[in-house]
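Participant: Below: one structure in structure tokens.
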Amino acid sequence: MSDRPAILEVRDLHAWYGESHILHGVNFAVGEGEVVSLLGRNGAGKTTTLRAIMGLVGRRTGAIKHRGDEIVSLTPDRIARRGIAYCPEERGIFASLTVEENLMLPPVVQPGGLPVEEIYELFPNLKERRTGASGTRLSGGEQQMLAIGRILRTGAKLLLLDEPTEGLAPVIVQQIGASVRRLRDLGFTILLVEQNFHFAARLADRHYVIEHGVVVDRYSRDDINQRMGELNKLLGV
Amino acid sequence: MRLTKLALATTALVGLATGAAQAEISDGVIKIGVLNDRSGLYADLSGEGSVVAARMAVEDFGGDLQVEILSADHQNKPDVGSSIARQWIDQDGVDLIIDVPTSSVALAVQQVTSDTDTAFISSGAATTALTNDQCAPTFVHWTYDTYALSVGTGKAVVEQGGDSWFFLTADYAFGHQLEADTKRVVEENGGQVVGQVRHPLSTTDFSSFLLQAQSSGAKVIGLANAGGDTTNAIKQANSFGIVQGGQQLAALLGFITDVHALGLDVAQGLTLTTGFYWDRTDESREFSERFGERMNGQMPTMVHAGVYSAVAHYLKAAAEIDDDGGKAVVDQMKTVPVNDFFAENGEIRADGRMIHDMYLVQVKTPEESEKPWDYYNILATIPAAEAFQPLEQSTCSLVTN
Amino acid sequence: MQTILGIPAPLLFGQLLIGLINGAFYALLSLGLAVIFGVLNVINFAHGALYMMGAFVGWFLLTHLGIGYWPALVLAPLVVGAIGIVIERTMLSRLYDLDHLYGLLLTFGLALIIEGLFINYYGVSGQPYAPPQALQGGYNLGFMFLPAYRGWVIVASLIVCFGTWLLIERTQLGAYLRAAVERPELVRAFGINVPLMMTLTYGFAVALAGFAGILAAPVYTVSPIMGQNLIIVVFAIVVIGGLGSILGSIVTGLGIGLVEGLTRTFWPEASSTVVFVIMAIVLILRPHGLFGRPRE
């Protein structure tokens, strides 16, 4: 466990999609200013964990504490208003909106968001393509940058990023990695779901491994090198 | 939507039907089915009002006869109308089908009733085919027909100088025939027809058609349509300044409910032919006021009044011969003149046409109208002998043979 | 006189102008349907009944409360919109998770009930409603006599359609709406109260129908069945324009009005059928409609 105060604390979280019981008691915590990754094989329940935190699953039980307040029974919009932002796996770029409209879409929920100029500094590609084109005309990498960029404006301090590197070229992955590091320096707290273990290993302070809907193990940054063998086995790398 | 209504209507009917497959008058039960438009554009001129009128006729008749009234919505569709008629006759033992506005539906029902020896009296339908090529010994045409309308309005308007006509015609059997009949009357009286346009049934916007009528230069625009189509056309003609532009509108089939819907501001001056006006005699007033009590103050149309008159006459005939066979009762009805608030010395001819006086009326101005539903000035009475197609011109097989 | 295809040119221009007037009504109604389908994924069969209610509210205000046309132009849409909000909150909102056939059946049933109630109380012949004093009379355009009120219909509905289009395409609120059409869940996870937005959208879209109704009251007869025939044509227009396409519904609405106007000149009997023929052709050649995007 981190020595910093927990911004998010998840206890015995269960979640269902319709009849299927996906999460079977997930426990973990994220400290203020940390980068924490959830690792695990396909279908282990990582994405569901993020969606459950946002209130985007059919039913959930257990406890989710954000800055000490219980949010497990709140609706997604109320959760977002508390300063939690979500960047989905499929990126969720809107085809009927221009790049700029996509960027400006999420409403500001708290003061202290990044100014648009700073976001363009972080992702210069977006600035070039901001007007005219529909958001989905962007390349995969640019769409990912847009998906992350737009939630930085809102003032949310806790970012839930779902597989930000999926399907991207190595050079883009590097660029995204650099941005995430910069975000940590700016004081954002990041909960990251990743398949790409090497990407996560370089970024995250701590890692949780999820299997069959429960957290089965956790590693600190320093543990990783020593325990690489068992981790590879868990992740089936 | 229509299907649902039919389902509901038929369910209600099944509920009403008693066990007897064929009502015998010896049981003292006569079943009357009021078949008309209960939800569409003719629902106000027939609809529930016709059911009320039939019920009043039954109540007023009294006597030993037990009479039951059924009603259904034919939705102005011939297939719906004939299947309801068939079910009524086969399963519910209906002895008389009455009203049936919409000519195409009436023609379909005529097939069913003549095949099954069931009496059929139409008050709402207009086509003269019912007493010509398609006539039947079980049928009586009570209130009006296209011939009577065209003689009334067509002749009167030409005589007043309206000698060139343009028709706005509803594109189905009734409209075509009304147009053809009126055209003949106009030409016989020295007028000419400069053009016509056929519009689909239940048109909301008539402006295109009115524009064509306007540019034709005809003195008279004849509306060969009915119900909501007529009122919409008149209302819109008013806004396009047709009448102000010197052209005259003639509603070939106008009902008092249409005038009510338009309001006197818009309808004033309109000439039309009717078989009944509630405020004509003491007897008609007496009936109409009783009718109004049951219909939220609405005065009866000629169709409603005709339904009352026809049911009363039918019951008298059936009681007289103690039989409910279609042809038998209709034959008996033909032997007795009709004398009531609706018709004076009315007569049912061999072809099934009940002939009676018709009235040419003009809609009052708002200033002339003194009370609710005070809408018409009667310009002329058209004697029964002139109002309807002469019997010798009928192509009905009951006459020609 | 100059003629085009055997029709005198003035008559043809007149027909086109009249077509445009009808198209204006089509556009107002199909716009509302397109918005509702886009945002709520509901095929709103009650639209015709709500249009009729707009006209009846106007008539009621005038006859029973002595409130004239101009206030009614604002009040009728508000009343109809409020009714729409009640319908959405109490009934429609329960069906969003189900197949949209359920929404169709619900609104279809509502339309039957509303129209049935009005027929029961008011009959089908309709009620008179005169145009306001300021818009009586008309202008002689040379090729036709244009009633002042009909001119107003074109202006008013174009303003409202264009305003709605601007609202949806050019404002932040519109961006929320467009985004919610694509991914309602994600928009909600950005902190926007999507259910509230859906309720207001439905209210607004049926208020458009109410507006069309009060606009139509002086032109057509105010009757419980006035929406029945119109709504089928409007559905065909939405299909031709592309389900959910805002611009498509406006342009197609006006376009179909023009095509109908032409058909009334050349082949009047077919004038109520032509829109469905066009719909069939469009469905064969471009199943997602003229302006629609294929759904992924």
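Using the three backbone atoms N, Cα and C, a Cβ is placed for every residue, glycine included.
In case it helps, TrEMBL gives these features for our protein:
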TRANSMEM  C:12-35  transmembrane segment
TRANSMEM  C:68-88  transmembrane segment
TRANSMEM  C:100-122  transmembrane segment
TRANSMEM  C:149-168  transmembrane segment
TRANSMEM  C:189-218  transmembrane segment
TRANSMEM  C:230-259  transmembrane segment
TRANSMEM  C:266-285  transmembrane segment
Participant: Hey, which of C:12-35, C:100-122, C:149-168, C:230-259 has the most Cβ-Cβ pairs under 8 Å against the transmembrane segment (C:189-218)?
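Facilitator: It is C:12-35, which has the most Cβ pairs under 8 Å.
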Participant: Who are the chain neighbours of the transmembrane segment (C:266-285) in space, where the CB to CB distance is under 8 Å and they lie at least 6 residues beyond its ends?
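Facilitator: Beyond its ends, the transmembrane segment (C:266-285) has Cβ neighbours at 5, 7, 233, 236-237, 239-240, 256, 259-260.
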Participant: If you count Cβ pairs under 8 Å, which stretch among C:12-35, C:68-88, C:230-259 touches the transmembrane segment (C:149-168) the most?
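Facilitator: Highest pair count goes to C:12-35.
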Participant: Counting only residues 6 or more past its boundaries, what in the same chain has a CB within less than 8 Å of a CB in the transmembrane segment (C:230-259)?
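Facilitator: Residues 16, 19-31, 33-35, 37-38, 43, 45, 47-48, 51, 111, 161, 164-165, 168-169, 181, 272, 274-276, 278-279, 282-283, 288-293.
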Participant: Which residues of the same chain, at least 6 past either end of the transmembrane segment (C:68-88), have a Cβ under 8 Å from a Cβ in it?
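Facilitator: Tertiary neighbours of the transmembrane segment (C:68-88) are 40, 46, 50, 53-55, 57-58, 61-62, 110, 131-132, 198-200, 202-211, 213-215, 218.
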